[in-house]
Amino acid sequence: MLYWLLYPLKEYFFPFNLFRYITFRAAYASVTALLLSFVLGPWLIHKLRKFGIGQRIGEALPHAHREKEGVPTMGGVLILLAIVVPTLLWARLDAGFVWVALLATIWMGVVGFVDDIMKIRGKKGMGITPKFFAQLAAGLLIGVYLYLRPYSPEFATKTSILFFKNIFPDLRILYVPFVAFVLTGTTNAVNLTDGLDGLAVGLMGIAALAYSVLAYVTGHAKISEYLNILFMNGAGELAVFCTSMLGACLGFLWFNAYPAKIFLGDVGSLALGGALGIVAILIKQEILLLVVCGLFVVEALSVIFQVLYFKLTKGKRLFLMSPLHHHFELKGWKEPTIVVRFWIIGILFTLLALSTLKIR
């Protein structure tokens, strides 16, 4: 929005020429998201407490979590605002990539919002099946849309492979279920990781930074050619979206760090997972998600393996508790220790992912 309002005035005030640069707008989108979180965070915490919208702690969780009972939840509403508003302000809105990313994020956020509301009203939420199908519907609709109306027709149903240059498998019609799988998988992996103060939002900030770089180079003709990755005209605007996500995560972390004053809720974790998943899909770096989001993948796999092992061994457990962060809690690790160590591992995964751009 600001691009269209201020960039045409560059002849009268030369600094407005800066709006032509994605890097400038991406940086200030992050700052805007951060400030928005700082300003609205205390107000939202107060309102959530006033209306009694607090976290309910299940009996199965470690005993240390009992002290979190009643802490305001549904803070993901703040995350949504801090992503959407800066993106609308700083991104070029003639880039279709931006609108698809925003709609996917809002869709997942709404699914999480409904689930949170149902939990607060004394129910068990939407339930696994309805929530999964709501996410799947988003994935399939976006997959069909991108299949029928691709932004880069020559790469419409292609994806990138790690460590190989100029090899872009064409999935054809299978691209639609592939999109649905990536989007729902990422969304639920982030949701499962959101179990300790600052864990998911910190890891998401790291991943958002990585994908802001990936989006920028994908939308830059010369850099993408140098790195032998797909060039997609207009995809660079997703860097603005990603830095908005980064700023939103950092701003929320201010209140969500141990001991947390507010929790994401499903509205936040599903929205963040959807946001990251759709960016990976749009810039054709879906497989790289396995590396950037290595810890999210490990957390999700720990749940799957725990369930399978329990059924195969008729009652035995592979971990003390899943997801994996709860296993370490029961091993005696303090919550802040687990979170910081997971962040460090997340940074290492991200550095490894970015290095693959050159290791080809």
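A Cβ is built for glycine as well, from the same backbone N, Cα and C atoms used for every other residue.
What TrEMBL records for this protein:
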type: TRANSMEM; residues: 26-45; note: transmembrane segment
type: TRANSMEM; residues: 71-91; note: transmembrane segment
type: TRANSMEM; residues: 97-118; note: transmembrane segment
type: TRANSMEM; residues: 130-148; note: transmembrane segment
type: TRANSMEM; residues: 173-192; note: transmembrane segment
type: BINDING; residues: Asn191, Asp266; note: Mg(2+) binding site
type: TRANSMEM; residues: 199-218; note: transmembrane segment
type: TRANSMEM; residues: 238-255; note: transmembrane segment
type: TRANSMEM; residues: 262-283; note: transmembrane segment
type: TRANSMEM; residues: 289-310; note: transmembrane segment
type: TRANSMEM; residues: 338-357; note: transmembrane segment
Touch test for the transmembrane segment (199-218) and the transmembrane segment (338-357), at least 3 Cβ pairs under 8 Å: yes
The transmembrane segment (97-118) in contact with the transmembrane segment (26-45), cutoff 8 A, at least 3 CB pairs, sep 6+: no
Contact ranking winner - 71-91, 130-148, 238-255, 262-283, 338-357 against the transmembrane segment (26-45), Cβ under 8 Å: 238-255
Contact check, the transmembrane segment (238-255) vs the transmembrane segment (71-91), 3+ Cβ pairs under 8 Å, seq sep 6+: yes
Recorded stretch, among 130-148, 173-192, 262-283, 338-357, maximising Cβ pairs under 8 Å relative to the transmembrane segment (71-91): 262-283
The transmembrane segment (130-148) and the transmembrane segment (338-357) contact flag, 3+ Cβ pairs under 8 angstroms: no
Positions whose Cβ lies under 8 angstroms from the transmembrane segment (173-192), at least six residues beyond its ends: 104, 108, 112, 132, 135-136, 138-140, 142-144, 146-147, 156-157, 159, 200, 204, 266, 269-270, 272-274, 276-278, 280-281, 286, 289, 293, 296-297, 299-300, 303, 323
Neighbourhood of Asp266 (Mg(2+) binding site), C-beta criterion under 8 angstroms, separation at least six: Gly76, Val111, Gly112, Phe113, Asp115, Asp116, Gly125, Asn191
Neighbour tally for Asn191 (Mg(2+) binding site), based on other Cβ positions within 10 Å of its Cβ: 26
